[in-house]
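Pulled from TrEMBL, these are the features on record:
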type: DOMAIN; residues: B:1-248; note: domain 'GCVT N-terminal'
type: BINDING; residues: B:GLU184; note: substrate binding site
type: DOMAIN; residues: B:273-349; note: domain 'Aminomethyltransferase C-terminal'
Amino acid sequence: MAARFLWASRVASHLRISIAQRGFASVVLKDLKYAESHEWVKIDGNKATFGITDHAQDHLGDVVYVELPDLGRSVSQGESFGAVESVKATSDINSPVSGKVVEVNEVLSESPGLVNTSPYEDGWIIKVELSDAEEAKKLMDSDKYSKFCEEEDAKH
Amino acid sequence: MVPFAGWSMPIQYKDSIIDSTVNCRVNGSLFDVAHMCGLSLKGKDCVPFLETLVVADVAGLAPGTGSLTVFTNEKGGAIDDSVITKVTDEHIYLVVNAGCRDKDLAHIEEHMKAFKSKGGDVSWHIHDERSLLALQGPLAAPVLQHLTKEDLSKLYFGQFQILDINGSTCFLTRTGYTGEDGFEISVPSEHAVDLAKAILEKSEGKVRLTGLGARDSLRLEAGLCLYGNDMEQHITPVEAGLTWAIGKRRRAEGGFLGADVILKQLQDGPTIRRVGFFSSGPPARSHSEVHDENGNKIGEITSGGFSPNLKKNVAMGYVKSGQHKNGTKVKILVRGKPYEGNITKMPFVATKYYKPS
């Protein structure tokens, strides 16, 4: 746990955000948008990059396989396009926005563990060309997502 | 923490499942398996009694030795697997799965009543006053040796001793569920926490508390069945590849439930067999279909996952006899898509049981 806290503080200070001090809270980055199924998305003009959040990778455990979609495939907001497998479970990845897949992170085939160690950077999963820029408005910002995670964890 | 057979148990402690699985084979792991059910059968006739219910040659076991065995039903299927030890000719100690406790105890009790009504001398004691700890890995023996005066180098795989460990009387069996050298220690419950702490301290932090997630990865790497997945009521020990556990004398004489079915399978060969698989792509999991290279269904996976020590997918399952040879190329369906695989022998990771040279 100490090692993860160190990583989280490094990311936090790099991005100049604060992380909760009680126990260990997952890292939530301010400039990203979030879906209720725990995917993050970074929007850059009409391109979006996404992956799964720190909260998601922490609950999944060691990721051993990532099922990537084919290039050119369409994805729709809220629909599953692939899966992330950990030692103990398989979890669908849902697309936070609609669009066309233009790039997939091939590195994950060799190093699926990047999803755990760097969920927001090296562990990105796919990049799409947005089909509807308005859709992003339906997603949560970092504050809403942090609260959402707290509420979800409190239920367990 | 997750619910497991009526208990609340950790999937993992602080270490990740992968780290725990690797650490067990490099250093060692301590498992809290107090959920399992230990019992003793006593009496002049406890050996012939138990032989009516299991496939082992209990009479042939030397005192202080034990073995993995299977409790069978009338159809030769497995009610549970268990490690039994003949302590003396009038005392057998056995451990059964927590998930099968109610079923197993009801089964044993029913047969014990019938056996006693015919004049047999057998009684039982269920060891709810004791807790089971499993200590596995290369450091298991050196660490445990610090806590007992008995010379553990004389206790070989499958052997049993009642001895003082860390100040309390323990039942010690040199066995386990990981393929590594190690022990299962039955300790009076009020001393269990102290013993666990002592073990961890003596190892200077190298032996780590290990949860269910790694326990499953370890036993899978060792090619060991998980009752409820790889063995069930409708699967016989022959089909499960446990013919070695059926005592030679028992193969000739029978005398256990379902013996007619099992003896016939020994003669004609079973129609399905448990085998190991390697595969590419996502790990094959329970209920994944196994197809031959032409797409015909030949079997089903019963458990599988990613092997942290081999860094590849491993799985076990059942295929039609005739298709079960090592090297057979197969296709395994995961989420509807076929992935290349091949049949391989088990264990996937070589075992390190402590046996006399």
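Cβ atoms are placed via backbone N, Cα and C, with glycine included.
TrEMBL annotations: computationally assigned, not manually curated.
Confidence across the domain 'GCVT N-terminal' (B:1-248), taken as the mean pLDDT and rounded to a whole number, stands at 97. Taking Cβ-Cβ distances under 8 Å and a sequence separation of 6 or more, the neighbours of the residue listed as 'substrate binding site' in its chain are B:VAL33, B:VAL83, B:VAL95, B:LEU132, B:LEU133, B:ALA134, B:LEU172, B:THR173, B:THR175, B:GLY176. Across the domain 'Aminomethyltransferase C-terminal' (B:273-349), DSSP classifies residues as 0 helix, 44 strand, 33 coil.
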